[in-house]
Amino acid sequence: MSGTAPPQQSAANGKAEEDPEKKAKKAAKQAEKDAKKAKAAAKADAAAKAKAAAASGDGGASKKAAAKKASEEKRAAEAEQMAQIIDAAKATKPGHKKDYTGEMPKAYDPKFVEAAVYAWWEGSGFFKPDASDKDTEKFTMVIPPPNVTGQLHVGHALMVALEDLLVRWHRMSGRNVLWVPGMDHAGIATQVAVEKRLQRERGVSRYDLGREAFIKEVFKWVESYGGRIQGQIRRMGASPDWDREAFTMDSQLSRAVVEAFVRLHADGLVYRHNRLVNWDCTLKTAISDIEVDYIDVPENTQLRVPGYDSPVQFGVLISFAYKLEDGEGEIVVATTRIETMLGDTAVAVHPDDPRYKHLHNKHVIHPIGDRRIPIITDAQLVDMSFGTGAVKITPAHDPNDYATGQRHNLESINILTDEGMINEAGGQFAGQPRFKARETVVAWLQDLGLYRGQAGNAMRLGLCSRSKDVIEPVLKPQWYVNCQGMAAEACTAARDGRLTILPSEYQATWFRWMENIRDWCISRQLWFGHRIPAWYVRIQGGSNAAPGGPSEDMSAWVVGRNEQEAAESARQKFPGKEFSLEQDEDVLDTWFSSGLFPFSVFGWPENTGDLQAFYPTSLLETGHDILFFWVARMVMMGMQLTKQVPFSHVYLHSMVRDAHGRKMSKSLGNVIDPLHVLEGISLKDLHATLEGGNLDPKEFAKAKEGQKKDFPEGIEECGADALRFALAAYTNQANNVNLDIKRVVAYRHWCNKLWNAVRFASKNLGDDYTPPAKLTQPSQLPWACRWILSRLNAATQTTVHAMHGYMFSDASTAIFEWWQYRLCDVFIELVKPVMSQQEGDSAERDAFRETLWLCLDNGLRLLHPFMPFVTEELWQRLPRAQWQSHIPSIMVAPYPQADSSWADSAADSSMEDALAVMKAVRSLRISYGLLHRQQPPVSIKLSIPASSPRAQALSRPDATAAIGTLAPASRVEVLTEGQEQPQACGVEIVDSEVMVCLEVGDLVDASKEIEKLGAQQGARRAALTELDKQMGASGYLKATPASVQEHNTERRASLQSETDSLEQQIQAFKRLLSSR
């Protein structure tokens, strides 16, 4: 498991070569020695130069310059030493364990920590499940497959951070874990990328090559350039089983796609229909709703549109008239898309509109070909109060008009070619680009005397998210999936508990959308993708209607797994007929194959061992933005095709925005590339990332200014661990994550805190330390040890509970606070004086050593799923207990579990009291500006009897010693009820029972102290006066509940005691002042 390999025989001399791992370790140690020598030499050289400069008599300026130069040379030498150590770590043979036996570098460096370890994890098989284990509880998850063309963005980083966090936690918790990675072929994105490359490099289009040659070019591109994101996901520390990586165009997954289409068609759920689709004239394909971005367009706005040299006007409502057939007048309509009037087939009015009662059932004449088109009444469509109250109807190019056309059996006239040109139905405008026709149609209407003016009209405009072209609703025959019944089943699963959606607020959204679902268009007019397994049957001597056109015979289609099956279906459908078959040129929507991903990756439709062992999966984690476009389709298709819900839980993570809550956009300069966070980047190089894009000069300047404001010094190198932890810490089940890079940087520096804790332990545990085979019972340990283990137990309990509930922010907070505020800030500080004692109680030192080791071992394992790299590095450097000797890596070590024997409420309470006193002392020290070497005595004045549990706990020697160490103070004394406090003290009130007195004496300005204490006393006297007024009011005793009276009495006594104590201090400082 360690990754070592046997010696190899040299082909040249037959001698056994040195073990590569040993060789790498020797190289690392030699590099360490060389670096130390270089550092020593640089230090000696700097010292000599400083001495020479001092002797030269140049004065203070020369000394400062020499000191500065010496400091710079020292930093350079340390950087060179670290670079050599990093190079030695990177030289580890891929798949082998790097050397952890050398001396720890002085500081955390992500490049060093992350070097070589991932390849060792993967090569050692730590990411794999035990496929033969039938008994252990399983945890299975598939990755939301990123696009094969994609690069890691911050949304992917969040996905990886959360999913790998879950996977590592489940793995360490003893479950048999399988996380399946994969990539989506992303039909449109990949095809566009390859077409652009072919045009740029060879000046050819896909049509020049032909379909078969073009597909070969796409696969060559995918092989050469695709999948970069998988390497970047590795950089984040993700631990899926890479040997099971799936690609949606793999033969197995492609077979599943064909089978799914055939089965759904056989069940009557896939059908052919002529409906409106979102048509992209640049890509020349239908696109899904998720690929349409809607923008708000103000009145009279000029926009750039692909394929047009000049901007196109939007946000204008143009009015024109249709002449009545009988010549007795006209009816005026208005539209923001005047070119679509070429396809009008009706005018609609409201049936109750008195202005048009006389026009019911009449006709108007369309100026193209003098077509008669009816005036219809439709209360569902027409708003009498808007415009003229008359609406033009273009069923082939508007969703509302299409629905109206269906209700009234209207003709649908498509006026556009696939390229966005006006077709022959547009008469004299045929061949004109659609937005050129927008201008020429207006001029034509003016010439005919039918133009009635225009007005500004704000509107929403749909753009393709990839091409940025304006989407055209176009009527085309396509393949659809009937989703009604499947959606109802998916709703039932969510209601009966077979499917749990988290956060729970998305359940209402799920039901709202699924209960109003529309059928799904799955045809895409692309070449790259899964070609639709449907064939158009051309009967010899029959109609010549072509597939895909307006005259297509939709009954002429047959479906099969291959052409032979299709031919057999055609013979059954058209017995005795001679025919030829023509396969559909279209491919399936990418979401169709993605919808099969949770079971196609396990070999479906075959009933494979993997399918039986790992399906259904446990969890689907993804962004809430694709709840319907992907999650819903997986649930529907999984339940229909496998008769099982494909996963029991869905967790929807937040969307990542910038620190100000803004959506990330290149034009704002706030896009955060995770690799820049991992590796660091200068402001200059950040600016360079804006170049070569499509930003106009104003946007470019705005983006540069945004980068300068948010990242004035660029982005510091943070490493994967800091970014992962920050993303998890932000995830509190809210809709958005407002990612502030400063917080990531803070966690990078926190890694150094962890580093220093283990370095401290390494020095104080000693090289020969071995954790005891049997751990000491917590009740037998010193007070501070009992406390830190109790807090560790509480942190463990909180973390495990939070992980079960997907409360990642709560889990990360519990871990951070224990490491930072309990272990590092308190316990390690209390360990230092114990370990520094040359003489004394060796049993106490052993107890502190054992507790320190327990804390670090458990704390690192607790943290590992969040920060895999640094925890592996540090855990490997800890001594191993006997029970751990067989565990090669922290990632396969058991996750900590809460242990009730470690819980100690008494220790928790007394330490919290001690820490409250310590904070009060520190507050006083800060207010007096005391240096660390100035450690005046501290008195803890209690207003409770010495016999009370709280007084006894604070009076214990270990408690006062802890306060003295942490505060710091030269002496700590507890004064109970009746004992006089020292004179000339600074005072800080902890609570009604505890007051801290810092014996500052001559260290402070007595007159200022009198003024400060007087202000405190005045505040308490005012509170006393108000309370006395309340308690002395008429009817107080009768109207006030006994509990409130008791509380007020206790509060008055406390205020009076505090006032008296402050008076004593004021008088003491006055005496001190008069004696000077």
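Cβ atoms are placed via backbone N, Cα and C, with glycine included.
What TrEMBL annotates here:
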COMPBIAS  1-12  compositional bias 'Polar residues'
REGION    1-80  region 'Disordered'
COMPBIAS  41-56  compositional bias 'Low complexity'
COMPBIAS  69-78  compositional bias 'Basic and acidic residues'
DOMAIN    117-740  domain 'Aminoacyl-tRNA synthetase class Ia'
DOMAIN    786-935  domain 'Methionyl/Valyl/Leucyl/Isoleucyl-tRNA synthetase anticodon-binding'
REGION    1041-1060  region 'Disordered'
*asked:* Can you break down the domain 'Methionyl/Valyl/Leucyl/Isoleucyl-tRNA synthetase anticodon-binding' (786-935) into helix, strand and coil residue counts using DSSP?
replied: 112 helix, 0 strand, 38 coil
*With DSSP helix as H/G/I and strand as E/B, how many residues of the region 'Disordered' (1041-1060) fall in helix, strand and coil?*
19 helix, 0 strand, 1 coil
*asked:* Can you tell me which parts of the same chain pack against the region 'Disordered' (1041-1060), counting only residues 6+ beyond its ends and a CB-CB cutoff under 8 A?
replied: 943, 989, 992, 995, 1017, 1020-1021, 1023-1024, 1027-1028, 1030-1031
*Under DSSP, the compositional bias 'Basic and acidic residues' (69-78) has how many residues in helix, strand and coil?*
10 helix, 0 strand, 0 coil
